[in-house]
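Just below is one structure, and these are the notes that go with it.
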């Protein structure tokens with residue numbers, strides 16, 4: 001996949017931008033606070049339909065404006081398409097999505113249209129943030145290519161909310177609750193099986209990547225640890241824990257309690273990992289998602305790399321350059337104009353550089 005053009009209006013600190021991309025490596029260069037990461041964020045929203053930094057769309061609107069607008073022209077193989085996202089802070093209309101000028105009502109209809117892999121310093125949260133962050137990571141990854149998974153996940157969360165409301169109310173009708181139990185198990189088992197299948201594949205890529213990054217020193221694994229193993233156990237645990245759940249006011253068992261173990265010999269990386277090991281794990285994990293798209297789904301995503309490479313030592317930087325060579329297109333943010341040559345590798349003639357200064361974005365020849 002290639003992003004050929006990006007239009008931005010009233011997004012973050014950028015009033016209006018129209019950028020054409022005709023190279024494989026795109027660098028956004030500027031001092032901290034100039035808005036480099038805002039450009040990657042705009043590209044991410046075209047891909048994920050949400051920001052990786054901000055949960056509220058209204059906070060993405062440029063100060064003094066009422067809306068923002070993003071347009072991307074995407075090339076996949078020989079086919080070009082246009083993806084547009086508009087958001088207004090007015091009460092009447094919130095977000096509007098268009099694909100090739102046709103309005104899109106369901107976000108699942110845009111899954112797979114523009115796939116990106118983002119690497120940012122914030123990714124350390126996957127390692128350090130515990131089970132919730134790791135579930136969020138695996139759910140976001142699978143949802144990026146499987147619309148059924150996303151629909152089941154959204155349904156599961158709705159059912160969970162209803163069940164929790166029933167538990168909190170104290171007015172418990174067992175026959176009513178059993179209806180929700182059957183629904184939550186049905187949705188949950190689909191999610192469980194998909195997570196299990198995908199994590200198994202990801203682990204094979206992750207281990208190879210980590211061996212390259214650590215020279216074989218870090219024998220870590222990804223292991224999916226479900227809270228329930230199958231449909232029968234899920235139902236049995238819901239029934240067995242009913243008294244406890246009534247006391248707590250929420251559902252204490254289910255796939256919303258799963259974990260993605262990252263470590264070795266039953267010890268999670270958070271217990272022993274150095275910052276270097278954690279950084280290697282994040283890179284190996286994100287690279288594994290790239291491998292999955294490429295080798296399992298036959299899609300080469302766009303790489304988005306936010307000010308990460310300057311923190312890497314020589315060995316990790318060399319690995320990253322090799323990864324970039326296999327990608328179709330990669331976008332980087334950096335403060336170091338002089339250091340760009342260190343990580344373009346064999347692609348030094350296939351780069352574009354944009355200088356970001358005081359809200360303006362200018363190409364450097």
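Glycine residues also receive a Cβ, built from the backbone N, Cα and C atoms like all the rest.
If you check Swiss-Prot, you get these features:
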BINDING   30, 31, 32, 33, 34, 35, 36, 37  ATP binding site
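What Swiss-Prot annotates, mapped onto the structure for a quick look.
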residue	record	contacts (Cβ under 8 Å, 6+ apart)
30	ATP binding site	36, 335, 355, 356, 357
31	ATP binding site	335, 357
32	ATP binding site	335
33	ATP binding site	none
34	ATP binding site	356, 357, 358, 359
35	ATP binding site	12, 13, 14, 356, 359
37	ATP binding site	53, 120, 306, 307, 333
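One way to see the shell of the ATP site is to take the Cβ centroid of 30, 31, 32, 33, 34, 35, 36, 37; the remaining same-chain residues with a Cβ within 8 Å of it are 333, 335, 356.
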